[in-house]
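A quick write-up on the structure given underneath.
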Amino acid sequence: MTTTTPERATRPLLRAVRIDRRYLPVLGTLAVLALMLVIGGTRYDNFLTPIVYSNLFINNAHLIALAVGMTFVILTGGIDLSVGSVLALSTVIIAALLQAGWPVAVVLPVAVLTGSLIGLAHGVMIQVFGVQPFVATLAGMFFARGLCFVIAPESIPIDDPAFTALAGWDSWLGHFRTTAAVVIALAVVAIGFVVLHYTRFGRTVYAVGGGEHSAMLMGLAVSRTKVLAYVVSGTCAALGGLLFAMGNRSGYALNGVAMELDAIAAVVIGGTLLTGGTGFVLGSLLGVLTLGTIQTVIQFEGNLSSWWTKIVIGVLLLVFVVLQRALSLRKT
Amino acid sequence: MTTQPVVELTGITVEFPPVTALAGVDFRLYPGEIHALMGENGAGKSTLIKALTGVYQTSSGTIAVDGTERRFTGPGDARAHGISTVYQEVNLCGNLTVAENIMLGAAEPRLLGALHWRSMRRQAARHLERMGLDIDPGSSLDSHSLAVQQLVAICRATVGDCKVLILDEPTSSLDADEVESLFAVMRRLRDDGVAILFVSHFLDQIYAVSDRMTVLRNGGLVGEWATSDLPAGELVKHMIGRSAQVLESVGRKQGATARPAGTVPRLQAVGLGRKGSIQPYDLDVYPGEVVGLAGLLGSGRTELARLLTGADRADSGSTRIEGVPRRLHTPRAAMARGIAYTSEDRKGEGIVDGLTVRENIVLAMQAERGWVRPLPRRQVDEIVAKYIEQLGIRPANPEALLRNLSGGNQQKVLLARWLATAPRLLVLDEPTRGIDVGAKAEIQKLVAELAGEGMSVVFISAELEEVLRLSHRIAVLRDRRVVATVDAEETTTDQVVELIARGNVAEGDAA
């Protein structure tokens with residue numbers, strides 16, 4: 001479909017108008033997000049306010065972190081079902097250790113490294129022992145969830161002064177309020193973006209998703225990259241746990257149940273193909289914001305059950321998957 | 001040449017139990033030569049290359065590079081030591097940009113540790129220019145044709161310190177001009193002192209470009225010659241281990257001109273077409289007749305076959321089988337009417353490479369019976385043994401996994417699968433592509449025999465001579481349209497070429 005004989009004179013014009021097909025899904029997500037904001041804005045008076053935008057980020061900071069990690073894994077063509085449980089485990093470890101009187105400076109690295117270790121275990125299971133990603137991370141999901149209950153079946157409140165100070169820190173950028181959790185989440189997005197686009201590891205993630213065998217024959221470090229992608233996801237999940245604990249000031253074994261599915265939904269709505277190789281972290285960020293906006297709209301509606309959120313997400317997911325399918329069909 | 005070989009393999013053996021793919025082969029490659037590696041499918045060419053680059057483990061033998069013994073852990077390791085490979089299929093990542101596909105993994109330009117995209121694209125553009133390719137390095141690879149992708153793959157291989165360039169069937173997807181520009185690049189690299197290992201099935205290409213050749217047969221070494229010392233006939237003899245004359249005699253067994261008047265066509269397509277795929281066409285296939293489809297790549301040969309066999313659904317026209325109108329909406333429906341189709345995409349739509357030869361052969365037959373009535377094992381073994389023998393499938397082991405067979409033998413297994421269902425019309429899409437002279441001749445001979453026994457065959461091939469020699473009638477396609485149907489007996493290659501090129505004949509057959 002690419003025309004090979006464009007006249008030189010008309011070329012700049014075409015350049016300006018034509019959008020790279022790679023960005024189409026992300027632009028689609030952006031359009032949907034904008035559309036929902038406009039609809040919300042016309043229906044409700046105080047919808048398009050800085051507070052609503054701020055809360056969109058504040059309420060979903062943990063999901064942003066999960067989605068970034070999930071993007072890495074899905075780009076390689078894998079899946080990580082454990083992130084919800086790892087998030088819970090991270091909140092429980094943080095709360096339990098703080099309660100035991102450990103200093104914050106030790107507790108947070110321990111919690112995050114636990115996530116990395118679980119990710120490493122997934123990666124090794126998948127790459128060395130050839131276990132399907134679905135099965136390996138399903139096992140990890142049960143393992144992490146079970147471990148939460150072993151540590152503490154009840155919710156543990158966090159009242160460590162240093163932690164609450166960190167969690168309570170906020171700053172006003174004009175009328176927008178940011179919290180420490182939002183800053184961390186956006187930093188994760190920025191790091192994820194740089195790693196995916198400006199490191200050999202990041203490009204290898206794309207290469208593996210585009211064709212594992214080809215990537216191997218191109219002499220790229222396929223095994224290491226796949227393992228590392230799960231480490232990234234586990235780390236991001238544990239970071240998500242930290243952000244979640246900062247929001248809730250507690251650790252509980254039943255946090256983040258089914259949250260891995262939200263993360264996957266956000267990544268897919270953000271334009272990443274489940275088969276791997278195409279997608280962007282910024283798309284995943286848009287995906288999370290879209291999910292958050294749906295939730296906000298339904299809250300504003302007031303008399304609608306919150307389960308409508310799930311229905312709308314389901315429909316949106318279906319529409320996006322069909323759209324992607326149509327796009328990739330047109331390509332061939 | 002008295003210099004030291006840049007690569008020297010001694011007594012290399014590679015085994016995939018129970019198959020011995022390579023048995024004690026010696027091979028030498030000197031700087032500044034184009035060395036052709038010759039052999040039939042299954043001779044061990046690909047295995048030799050993969051053993052050299054560390055994809056396969058050798059069970060014995062030594063590999064020396066510049067006189068130092070080495071054992072590479074994989075293509076990346078081999079590349080780091082100056083040995084780059086370009087494979088038959090384009091093994092690049094279509095989702096990445098052209099620049100990345102050329103530069104990634106080697107010394108990518110960096111700025112403060114991060115990939116520097118701009119200079120990466122600039123360097124890639126320089127490498128592309130050297131190859132005579134004018135494409136945007138920032139575009140994604142899969143927006144380009146297969147031929148361009150292949151040249152990009154070669155471009156990638158020559159980046160950095162490349163002492164040895166291995167080209168495994170790089171020309172199978174290129175047209176004549178592209179082959180010529182590839183050869184120009186190869187000759188220049190050779191003059192720069194690069195050692196090039198070249199594998200191709202096209203004998204004229206080998207003679208056009210190579211300096212020396214090594215011939216393998218059945219996993220063993222036959223010998224090494226200077227290209228100028230070995231005439232093509234001798235070479236073929238060495239490759240197949242028997243006289244070439246026997247193979248040349250393959251052709252039509254019986255003329256179909258003797259068709260009695262009033263014979264009902266086995267399959268009659270009237271106005272069969274599909275939007276965006278192929279324009280409505282008429283085609284009759286009579287019992288015992290081989291109908292060839294001739295046309296360029298993309299002219300609609302495969303699309304025609306797919307409509308005929310229900311693999312794609314027609315949106316206009318009708319089909320009659322033995323004179324009775326029948327709708328063939330699925331391959332299954334076609335199978336039930338005795339029509340079998342072997343796809344040109346052997347890997348994707350044909351063989352199941354994780355199953356054994358036996359399982360692959362009985363697959364269609366079992367599907368036809370229905371899965372609730374399994375074939376008795378003894379009957380299966382008989383059928384499988386019969387086809388392994390009849391088609392000369394190697395290794396003659398029903399339990400060998402299909403992925404360990406060569407392309408030609410996989411094709412034979414595929415043929416056996418459909419022959420086992422005893423079809424009345426067999427549609428063969430490029431059954432001889434990418435397979436060696438010997439296997440090709442065997443398949444041609446088989447087609448002629450089957451037609452002689454009364455089977456109807458629709459034969460598709462990119463090689464005009466093959467189509468002409470084997471067919472009774474030829475349907476010529478151009479731009480997704482059947483432009484003419486001619487009698488093969490009265491037509492020469494030149495006339496068919498004329499038809500393909502111009503789309504109509506002096507007779508004014510098609511508007």
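Including glycine, each Cβ sits where the backbone N, Cα and C put it.
Annotated transmembrane segment per TrEMBL: A:23-44 (among others), in sequence order.
Away from its own ends, the transmembrane segment (A:56-75) comes close to residues 83-84, 87, 133, 177-179, 181-182, 184-186, 188-189, 192, 196, 205-206, 208-209, 229-230, 232-237, 239-241, 243-244, 246-247, 256, 259-260, 262-264, 266-268, 270, 272-274, 276-281, 283-285, 287-289, 291-293, 295-296 of its chain (Cβ-Cβ under 8 Å, at least six residues beyond either end). TrEMBL lists A:56-75 (among others) with the feature transmembrane segment.
Sequence-distant contacts of the transmembrane segment (A:82-100), counting only residues of its own chain at least 6 positions beyond either end whose CB sits under 8 Å from a CB of the stretch, comprise 62, 66, 69-70, 106-108, 110-112, 114-115, 118-119, 122, 137-138, 140-145, 147-148, 151-152, 156-158, 160, 163, 233-234, 236-242, 244-245, 248, 250-261, 263. Look at TrEMBL and you will find A:82-100 (among others) tagged as transmembrane segment.
Only residues 6 or more beyond the boundaries of the transmembrane segment (A:106-126), in the same chain, are considered here, and those with a CB under 8 A from a CB of the stretch are 78, 80, 82, 86, 89-90, 93-94, 97-98, 132-133, 136-137, 139-140, 143-144, 163, 226-239, 241-242. The transmembrane segment annotation in TrEMBL covers A:106-126 (among others).
What TrEMBL lists as transmembrane segment is A:133-152 (among others). Outside the transmembrane segment (A:133-152) by six or more residues, the chain places 73, 78-82, 84-86, 88-89, 92-93, 95-96, 118, 121-122, 125-126, 230, 251, 253, 260 with a CB less than 8 A from a CB of the stretch.
Panel annotation: around the transmembrane segment (A:172-196), residues 49-51, 53-54, 57-58, 61-62, 64-65, 68-69, 71-72, 75, 166, 202-203, 205-206, 232, 236, 239, 242-243, 246-247, 280-282, 285 of the same chain, lying at least six beyond its termini, place a Cβ under 8 Å from a Cβ of the stretch. Residues annotated as transmembrane segment in TrEMBL: A:172-196 (among others).
Nonlocal intrachain contacts for the transmembrane segment (A:227-246), taken as residues 6+ away from its ends with a CB within less than 8 angstroms of a stretch CB, comprise 61-63, 65-66, 68-70, 72-73, 75-76, 78, 80, 82-84, 86-91, 93-95, 108, 111-120, 122-124, 126-127, 137, 158, 163, 166-167, 179-181, 184-185, 188, 192, 195, 201, 205, 255-256. The transmembrane segment annotation in TrEMBL covers A:227-246 (among others).
What TrEMBL lists as transmembrane segment is A:304-323 (among others).
Counting residues 6+ beyond its ends, the transmembrane segment (A:23-44) has Cβ neighbours under 8 Å at 269-272, 278-280, 282-283, 286-287, 289-290, 293-294, 296-297, 300, 316, 320, 323-324, 327 in the same chain.
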